[in-house]
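Residues or ranges marked as transmembrane segment in TrEMBL: 7-28. The domain 'Thioredoxin' annotation in TrEMBL covers 39-203. The annotation Cu cation binding site is assigned in TrEMBL to Cys77, Cys81, His168. If you look up TrEMBL, you'll see Cys77-Cys81 marked as disulfide bond.
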Amino acid sequence: MTPKKAILAAQYLLILAIIITTYFQFFYTKSLPSSHHNLMIDEQAPDFTLHSDQSTVSLSSFKNKQAVAIYFGYTACPDVCPTGLSQLASAIKRLTTSEQAQIQGLMITLDPERDPADTVNTYAQFFLPEFKGLSDTSERISNVASQYQVIYQRQMIEGSALQYTLDHSSNFYLIDKQGILRHVVPHTISTEMLIEALRSVLNDN
């Protein structure tokens, strides 16, 4: 391949990558986030109290102390959840030390039957030691998920030890120190855009 053709090929690949990235961001922005169309941005985020290992955690306990980034998922998730939590952890790590201390990451399981509090907490802290993983009864988890308009559905798998997986929406819920929901963004957002969103939440206070 001549140098000119190699340059053209690289340009085509770059354009293709941009198109694919744009498509997926558009797809998730237009479809999955429709699950939270009843949530009021710039209004008080729904409060909750759930279990995290040996303690309970309430969203209201962070008020006037830290901003909060919430992610709903489950520990047996094969792809979306690890990707989402890795993305959130990566974005937080790129903040300044002072900024990092002002944000608390929370993972709320959608699969409490298989994810007791200690399990989901350990899982969340694999991505970032400061994260907290939350679980509770199926009823309480369902109520919180409903408050945040999270879509999830069990899919049975015949002949698998897992028995089932969960199809679910995958978004970050960014809440400022006053408990106001500022952003709901898909996990497919770029790290740079997520960093910008996190900083905007901190700057809202």
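Heads up, the Cβ atoms here are built off N, Cα and C, so glycines get one too.
Small disclaimer: the values here were computed from a predicted structure and weren't measured.
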Taking the mean position of the Cβ atoms of Cys77, Cys81, His168 as the Cu cation site, which residues outside that list, in the same chain, have a Cβ no more than 8 Å away, listed in sequence order?
Phe72, Gly73, Tyr74, Asp79, Val80, Gly84, Leu110, Leu166, Ser170
Lowest local Cβ density (other Cβ within 10 Å) among binding-site residues: Cys77, Cys81:
Cys77
Per-region confidence, the domain 'Thioredoxin' (39-203) (mean pLDDT, whole number):
95
CB contacts for His168 (Cu cation binding site) [other CB atoms within 10 A, all chains]:
22
Secondary structure at Cys77 (Cu cation binding site) (DSSP, helix/strand/coil)?
coil
